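Heads up, the thing below is written out as structure tokens.
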């Protein structure tokens, strides 16, 4: 083989290996049960909602006497072991002999929800031996709402294998992704009030800085539109004085204060009795 042909063949092999490696490194995600054309939009939306948990791994150990000692490995819409390529989303490992059993696979997924929970179901697990008529295992994971927590408290609740059919493993965990969206509790009046107060604050602070830095005002003159607010205060005071008084404005006062003798001339009748007769 000539050198150019040898180089071309080598490049093709390298490209093929790179493509194969990229396909293997890309993790597979949940596939809803049924044809792609008939998949529920609600299920797709819920799987999208669970995406923040896909990079996390969860484990729980269960020990019942000397006969049952297992570790359960769980991932949300990802394979527990990407090298096995068995679609195992929830896998049981026997700690005594190291045997692994796929409880549920992500390529047979069902998902639905309520007001504050999401139920994720992996079907198509390894077949039972002596239980449940030899049907395939199934994992049911109840994800309950807990705000402020990405994911926690993964645990197994029970294994129902005494029935003839529809046996399952039940797990539960807490996560904020199962929580409903929080609605704003602010009323329209509250929003308007906040907006009004914000505008007043901008007006006062901005006007103060303009008067001080640009105009060069000092003291009370730094208040924006000080003359206007001063006149407005006087007008309001005059209005209150006019409206709220209960007697005519020209009526004499009913009492004389200590300093009243300094405010005007005394009445002519006050000293009449001191004049000589």
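FYI, residue positions are counted from 1 along the chain as it appears here.
Cβ coordinates are placed from backbone N, Cα and C, and glycine is handled just like the others.
Please treat TrEMBL annotations as automatic predictions, because they have not gone through curation.
Residues annotated as signal peptide in TrEMBL: 1-22.
The feature domain 'MRH' is assigned by TrEMBL to 28-181.
Listed by sequence, the residues of this chain that lie at least six past the ends of the transmembrane segment (186-210) yet keep a Cβ under 8 A from its Cβ atoms are 222-225. Summarising the annotation, TrEMBL assigns transmembrane segment to 186-210.
According to TrEMBL, the feature region 'Disordered' maps to 255-277.
If you take every residue in the domain 'MRH' (28-181) and average the pLDDT, you get 91.
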